[in-house]
Amino acid sequence: MSKTAEFHRFVDYNDLESLLECSLCLDRFQEPRLIPCQHTYCTKCIQELCEGSDTIICPQCRAQHPIQQKQDGVLQFPRNITYQQLLDIKTEQLVSTRQCQVCDKKRAFSDCLHCKKAVCLDCKKLHRRELSDVTDLLINDLTKSSTLCKESLTNEITTFLTNCDYIKKQISSYTKDLIQTLKQQEINMKSDLDKLIIKQIETDNVLDEKFIEIQTLSSKYLSSLQNMILEHKNSRKDIIFTPNITLKNIYCNNSLGELRLSSSFIDNEKSHHLPLTPPPEDMDNQYFPQSVDHQSDDDNRLQQIQQIGHWGSGEREFWCPTGICISHNNYILIVDSWNHRLQMLTIDGQFIRSTRNIKGRGINELNNPRDVCISPMGNEIILSDSGNHRLVVYNEYLEVKRLICDKLNLQFPNGVCSDEQDSLFICDRGNNRIVVVTLPDGAYIRQWGRKGQNQSEFDCPDFICYRQNILAVSDFNNHRVQVFDKYGQFLFMFGQYGCENGQFRYPRGLAIDDEGFFMVADWVNNRLQLFTPNGQLSAIVGGNSQEKCSTLVNTTDDFHIPKVEFDRPIGVAVNKQGVVFVTEWGRSHRLVIY
């Protein structure tokens, strides 16, 4: 009894019983035999497993073992003595005292691996048969479900392929229609081009006729003018002496009188006089003029200076005006920066119209605009809306047509100008670069520049202007002007920091006249400097250097340097007649025209 008690303390009968079950028949071993891979099965199960074959495949490890039929087949495998000895132990010692959890009548033989219940041998066999039936039903259901899934999947694939064929036909049809449309557009465009060519030829013919007519008229008027000049040379000229009444001032170097020369031939008669100054001698002596000073009324022309505007927000009033340009119909466009608007004036300064002076980000609102330019055709006005990092395109009535801002990543755009091919040049001040886009749609073309002090590098590029394939850029913090061709190729630069002639303190607006001269607004030096087409200083207007620079100024009769006192000049423009327009940022808030 003591040995049995000790056996019960260390052996779990459930584990021992599961160890004595064959993994093929799930029942207790019947004549267990050990195959070469050391797995054990019933003799009957091994015979069923290798029936009709000379090889047995182990169900657990899949190892293959040959069977020699001459040596009684599976009987050649040795019996598992250990398992057999365990099987020979008396049943009373192996069977537990638990009741069957299914029938509650007999003692439990083992635990069911399926339902995890303690069952007797009869219930276990019955449960296996039931499990086999359920397994068969499940297999049948699975087979039916598999068939249905296969049919459904086949239908889905068929539908998908049908849709693909339909889409292919749609793509083919759309492509054919598109090709047909493009071909028709090609035909229409060629037809329009032919019409334009015919119209151009007709225009050329008309121009040729007009040119011949002009040549004929010019020859006629030239001949008439030559006759008038000849008649004028041969006309009689009268000389009249006007005596000086105040003879007592003779010794004070007063003149005796003057000789006046007049010609009756020319309508707008010009008078000339010759002062006669005698020597300081006695009245009895004979007097002859020692100096003859010839003056003409034509030589006393004065340069007229016009000033428009003052601080305010009404019509013809400004708050820090900046960029300026002249339209094709000779209107003045002024960027009224801190009033957040654009004003349009006549050439003599009369108000025409303006945009709304409302600060904001809306399509009809502005935020510190800085510069303005005109399209080559003259039908569009381009404004740099610096605070909103965009460009606004207006029509001639200052109505918004579109915005240019997407995908350019502009940072405080400032100066703008355009060329003959509808290219728009932008001073991207915050990114220290020049950006070129197409005017119609704002498509990107090219860019150049980065922050620095070398050529083609900038430190806040401020204003830009274009004339005759030349671009000039005011390099604000580098105190210089850089000159490029229209493709961004560096040509030359001029200027450096200072207040001497040819130096700048923060150059701003600039313009190029018809002769290629550069006009630069020298902001802090309060002056306008004029440079030759190769960058040599030519003249200075305003500031303290005007008198110092008189030797550099062209002093011919056709060139006049006005005396102007600027207050932070910023925007510069010049029209075809050579009239210069300058906006002032300082306390005056005005437009100066000379």
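Cβ atoms are placed via backbone N, Cα and C, with glycine included.
Here TrEMBL flags 22-62 as domain 'RING-type'. If you look up TrEMBL, you'll see 305-348, 359-397, 449-487, 491-534 marked as repeat 'NHL'.
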What DSSP reports for the repeat 'NHL' (305-348) is 3 helix, 21 strand, 20 coil
Please list, for the repeat 'NHL' (491-534), how many residues fall into helix, strand and coil according to DSSP. 0 helix, 22 strand, 22 coil
With DSSP, how much of the repeat 'NHL' (449-487) is helix, how much strand and how much coil, in residues? 0 helix, 21 strand, 18 coil
Mean pLDDT over the repeat 'NHL' (359-397): what is the value? 94
